[in-house]
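Copied from Swiss-Prot, the annotated features are:
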ACT_SITE  C130  active site, proton donor
BINDING   K34, N35  phosphoenolpyruvate binding site
BINDING   R106, D322, V344  UDP-N-acetyl-alpha-D-glucosamine binding site
MOD_RES   C130  2-(S-cysteinyl)pyruvic acid O-phosphothioketal
Amino acid sequence: MHSVSSISEESLLPFLRVEGKNDLSGQIKISGAKNSALVLMAGALLTEENVHLNNVPNLTDIDVMTDLLLHIGANVNRNTNQVLLQANQSDLSKNELPYELVHALRASFVCIGPLLARLGEVKTPLPGGCRIGCRPIDEHIQGLKALGASVRIDNDTVIAKIVNSRKRLIGTKIKFNCKSVGATETVLMAATLAEGETILENAAQEPEIQDLANMLNKMGANVQGAGTSQIKIEGVSHLKGCVHDVIPDRIEAGTFLIASAITRCPLTISPVIPEHIGAVIKKLKQCGCSIEKAGKGLKIFPGEKISSVDMSTSPFPGFPTDLQAPFMALMSIATGTSKIEETVFERRMQHVGELQRMGAQISLSENTAFISGVNELIATSITGGDLRSSAAMVLASLSAKGTSVIQGLNHLDRGYENFEHKLSQVGAIISRSPNKLKIDTKSSEDLQKFSSGTEVA
């Protein structure tokens, strides 16, 4: 076990200092869903009129999407949690997405759908790799081809073009080989301006897709069945502007529910749509927590002890892969043994080593972790290797004995708005420092590796 003081090498990365074993109480406000807001911003490319989005989280991923839309000629104005977008045909001067932005934000690849439908041709680099496994774009490409587009890959650039004389995509029936959220969103947006009816089978069912469909329908699209495995889209010739509120972030809500459980302190989380986190609520209740509705949110009362439960990730409505790492942190101090299986991504277990540094008893077999709960974790110097494992490190530190130092904040800032401030407001002793931090040399290689990675979850 390495203590915070066993250090010998300097890092310029900012860090969090978290003092464990402090009681939390009060209410945490949940921000708008990052994974929804990003796609809604891309969806605004489907019309020349103004699209006004409310409840947009202030995150670095939103910054990147803003830069990308500005690069291709769209007008984007941001004010706190509001975004006003307009994509005039005459202003969309570029149909090629810049490598550095697509590489930084994989979610930007969904722009290929609306840009193809609007401009008839689009070029985009292959999306940047992330540190949690392979995310093939085959489903995106096959879906666009099925709509009549010519799609090829040349020197790591995807080139998509409408080649028919009518210069419109043509509706058809498309069956995805796997439930891909990104591919469902890409093809759904493209199909709204296609000629005729498009039917998407084996479509992803995530709430963010429902949110996208709701906005598109406000814009004049005809989308039915979003949230089920079959989505029907009747194409229209043009779409109009709209005002739309981004749904609450279900992953952030789940993260703070787990924060309550791991500290054994009751919290109120609001706003929350309970149906969006049903699998998480079910598992927390099995752990011994009591959860009840409280206005537009939920109140959680952790039990005197946390019971171990097995969990397997799966696409919605199953347990979300984005909460696998925080839930493993919780199971690390649960009574008994548990098994956590990651079925969505093949390399999403980087947090195991960091939890072990804190004293967690975890053995790993490929994508399955076996956890024997310990009485308490011990504070140390740790690193979040991706967005959700960074959050897991904070939760583990809240329950640990002593003061932990956490690096990897570049990941954390991609998906959690004012994360440490929200925790401070309910009693956590947590502070961010931009200063130099001396780090344990044994973890310096991991810090270098993780700090250069990209992450979208």
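In case you wondered, yes, glycine gets a Cβ from its N, Cα and C as well.
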Integer Å distance between the CA atoms belonging to N35 (phosphoenolpyruvate binding site) and D322 (UDP-N-acetyl-alpha-D-glucosamine binding site): 11
Neighbour count (Cβ, 10 Å) for D322 (UDP-N-acetyl-alpha-D-glucosamine binding site): 24
Residue with minimal Cβ packing [other Cβ atoms within 10 Å] among the binding-site residues N35, R106: R106
Cα-Cα distance maximum in Å, computed over every pair in R106, D322, V344 that the record assigns to UDP-N-acetyl-alpha-D-glucosamine: 17
R106 (UDP-N-acetyl-alpha-D-glucosamine binding site) versus N35 (phosphoenolpyruvate binding site) - Cα distance in angstrom: 11
